[in-house]
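Worksheet: the structure to be examined is printed underneath.
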C-alpha cells in the first residue's frame, strides 16, 4: 500500500500535459525514489528512444540489490492504470515485471564496474505517447547515475526532436508573430492619426504588442532549433526573458486600464498601487517557476512543488487584476449620483462592465479551457491547444485595444443631451452591480 501511495503522484504527473523532446543530460545523485519520471514524448511509427547511462552506483542498507530490479521502461497512459491495478493487488510487485510496459533495459545489462554504463537505441514499433520511467524495486537503496536521453521521430530519415503533437509549433508561432507585427503597425497608425487623444496607457499597450510579437518569434526559434538539433542553442534564454517581460506588462496594462489611469485620471489611488505592488512581484515569481518547470522536468524532486507554486501564484494574480475594474465600476456608479452627468457615466460604466466580462472570459479560456484541451486532445493534436490559446490571446488583445483606442470622439464618452434622461433611469437600476 505504501508503494502504491508513492506511485499515485506519478499518475497525476502523467495526466498533466507536459511533453518534452530536447536531448537531456541529467545527473541523479543518491536518489531513493521507487520510480522517476524523466519525460513524456509522442512517437510516430518511426520513433526512436536512445538512452545512455554511466557512472552507475547503487547503495543499499540491506543485501546487495538484484540488478534486474532496477531499470528503464516506456509506459503509455492507457497502460498506466493497469500497472497501478497490479501494484494494488500485490504491493511487493516490481513494475519491471509487468506485461503492460515496454521494458528497455535493467542494470543487469550494464557493463562491469568501474564503468557501469549502457548505451542503446530502441525503435518504438507502436505509435503512441509514452512516458520514460526509471524503476527502483530494490528496497532501502539509493541510485546515482548520469543519464542522457534522446527521444525523436524520423521524418524522411531526418531526426525530429519535437513530440508528434508539437512538431507544428515553430510554424504556428511564426505565423502569429507576423499577425502581431501587423497589429502593431495598425495600432501605431491609429495612434498617429489621433495624436491629441493618445495617453501614456496607449504607449504601454504598444510596448505590450511588441513584447508579444518578439516573444512569439523567440518561441518559434526555440522550438525550431529543438526540432532540428535537440537543443535550443540559447533561444530559450531570449524566449524566457521576453515571456517574463510580456506577462508582467500584460497584467500591468490590465490593472492600469481597470483603474482608468491616464485616460480617466492622471494618478493611481493607494489601493491601486498596492495591487500593482502585489501583482508584479508575484508575476516575477510565477516566471521563475515557469522557467524551472520548462528547463528541468519531472525527474527533479521539487518539480511538483514548482508546478503548485506557479498554479497558486497565477490564480492569485488573476483574482487581483479583477479588483481595480470592480472598484472603477463602483466608483463611477457612486459619482453618477452627484455630478449630473448621467449619460457620460453610463457610457463609462458600460465600457468597464464590458471590459470586466472580456477579462474574465480571457482568463477562463486560457487557464481552464486550454488546460482541458491539452488534457483531452489526442497526443498527435497537442498543437491545437497552443493554437486555441494564441487565438484567444489575439482576440483579447484586439477587443481590449479597440475598446480603449485613442479616438477624439469616442462613442462611449460623447453622447447627446437627448440620452441624458434615459441614462439617469438606467443608472437607478442594479444592472451594473457586480
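Each Cβ is built from the backbone N, Cα and C atoms, and glycine gets one as well.
Ranges compared are 130-151, 306-327, and TrEMBL records transmembrane segment for 306-327.
Of all ranges given (95-112, 203-220, 221-238), TrEMBL attaches the label transmembrane segment to 203-220. Transmembrane segment is the annotation TrEMBL gives to one range among 152-171, 172-191, 332-351, and that range is 172-191. Given the ranges 240-263, 408-431, the record in TrEMBL names 240-263 as transmembrane segment. Per-stretch counts of Cβ pairs under 8 Å to the transmembrane segment (172-191) identify 203-220 as the leading one among 203-220, 240-263, 306-327, 383-404. Long-range contacts of the transmembrane segment (240-263) within its own chain (CB-CB distance under 8 A, at least 6 residues past either end) are made by residues 199-201, 204-205, 207-208, 211-212, 214-215, 218-219, 269, 272, 275-276, 279-280, 283-284, 286-287, 290-291, 294, 317, 320-325, 327-328, 352, 355, 359, 400, 404. When the domain 'CAND6/7 N-terminal' (24-153) is classified with DSSP, helix, strand and coil residues number 22 helix, 72 strand, 36 coil.
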